[in-house]
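K.L.:
A single structure is presented below for examination.
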């Protein structure tokens, strides 16, 4: 279980004919990918939910807190991605530092972030599409669209369409994403600029509403784990509400790490990956803070809509026509999120199959399109089934906890690789190691503790299922177990220390 795959072996594997991806992406492409996947559900939905139930106007601070935590993790991802430019992101980084067992855990954990995230967003896409269809007088029946549909046809359709785009090549995926991102960024900027003229200063008071007991049953497994562990009385708003809100709006930042999964398809990964990761996160943080300040300034936080806060805020000031425009932006935003989440999932599974932790046959690359088409098709089918038939809204917070867990291990991995392989060339280096990675790991852990106990319970069950699969198949069929290249932890320890 402590088998480690060296960085050199990871890079060498990318040259195998049957597992070689085409290099077509630039720093701009990576930044667009990052913005494309980050700006989605969070900016169009979570702003209203967190402002109304957790933080009030201080939702902007929740976005800042979540952005800082992601920024710390992004620095760690940037160093790893420039040092180990291999598909798989956190999975590959963990394999090179913490060993095969931890790498498997991360790979399994990333399924929560990517596949479940794509399915969740596909359902949201379906709801926005139905809103637009309603505007032109042809809405779909509730049984065929939306979260409570018997069979969610639009959600299935978008998952399968994006699968086709992924199979046909990373260059096409990049072009589609660029167009979609341009549409939604323009609409987000319009929301900010137009909304500024309708802000009422009194809506910002009090900026941090005083803490109070939650309405209904806010205790038990529904309460943040930190309240249960340390005996805090359940409460909303106040300073605690800001942190609880940050743990929720964290979902809005998920995506910058997915840029690292496209490492093998980047022309100059050592230079461009850090730029793409940090650039996309910086752009999105600024947009999130600006939008949240505008929305709570236009409409009192107590009156915000949870389902469609931006659209309803504009309706409240007499700009109903903006509602349809925002729905178009949301639809475009969610389209790119589905595409890039599925891209990330296919690349993680591709890396795992190349390491034989999953059957190697599924990772075959198409000779013409240069994509792992079997995995892409399989991922698309699974996402379509999840989105089309399962009530997955209750599982959405699993995406957050899974991602935070991955961030913790990547942060730790930076420290480990600095000590075990100080000889490796690093075009980007995290400053203040080990202090900054430790702060990153602790900040991620704090946000995890602010998630409900029931989310932790589901997370543990999911990881136990992953352990069963690892010991039943992956441990015995691993490339390193079969005598392939790699190192054991004690061999790695023999490298010069730094």
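Think of each number as a place in line: the chain as shown, counted from 1.
Cβ from N, Cα, C; glycine included.
The structure displayed is predicted, hence computed values, not measured ones.
As listed in TrEMBL for this protein:
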TRANSMEM  27-46  transmembrane segment
TRANSMEM  58-80  transmembrane segment
TRANSMEM  149-169  transmembrane segment
TRANSMEM  176-199  transmembrane segment
TRANSMEM  237-256  transmembrane segment
TRANSMEM  277-301  transmembrane segment
TRANSMEM  321-344  transmembrane segment
TRANSMEM  373-392  transmembrane segment
TRANSMEM  398-417  transmembrane segment
TRANSMEM  429-449  transmembrane segment
TRANSMEM  455-473  transmembrane segment
K.L.:
Quick test of the contact rule: Cβ under 8 Å, at least six residues beyond the ends. What residues does that give for the transmembrane segment (149-169)?
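P.N.:
Same-chain residues near the transmembrane segment (149-169) but 6 or more away: 22, 24, 118-119, 122-123, 125-126, 129-130, 140, 142-143, 176, 335, 338-339, 342-343, 346, 366, 369-371, 373, 376-377, 379-381, 383-385, 387-389.
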K.L.:
Would you call the transmembrane segment (58-80) and the transmembrane segment (429-449) in contact, using three or more Cβ pairs under 8 Å, pairs 6 or more apart in sequence?
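P.N.:
These two segments touch.
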K.L.:
Between 27-46, 176-199, 277-301, 373-392, who has the most Cβ pairs under 8 Å to the transmembrane segment (321-344)?
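P.N.:
Selected stretch: 176-199, with the most Cβ pairs under 8 Å.
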K.L.:
Count the CB pairs under 8 A between the transmembrane segment (237-256) and each of 27-46, 277-301, 398-417, then give me the winner.
P.N.:
27-46
K.L.:
Let me check one thing: do the transmembrane segment (27-46) and the transmembrane segment (277-301) come into contact, meaning three or more Cβ pairs under 8 Å with sequence separation of at least 6?
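P.N.:
Contact criterion met.
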K.L.:
Would you mind listing the long-range same-chain contacts of the transmembrane segment (455-473), meaning Cβ under 8 Å and 6+ residues beyond its ends?
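P.N.:
The answer is 101, 104-105, 108-109, 112, 221, 225, 357, 395, 397-398, 400-402, 405, 448.
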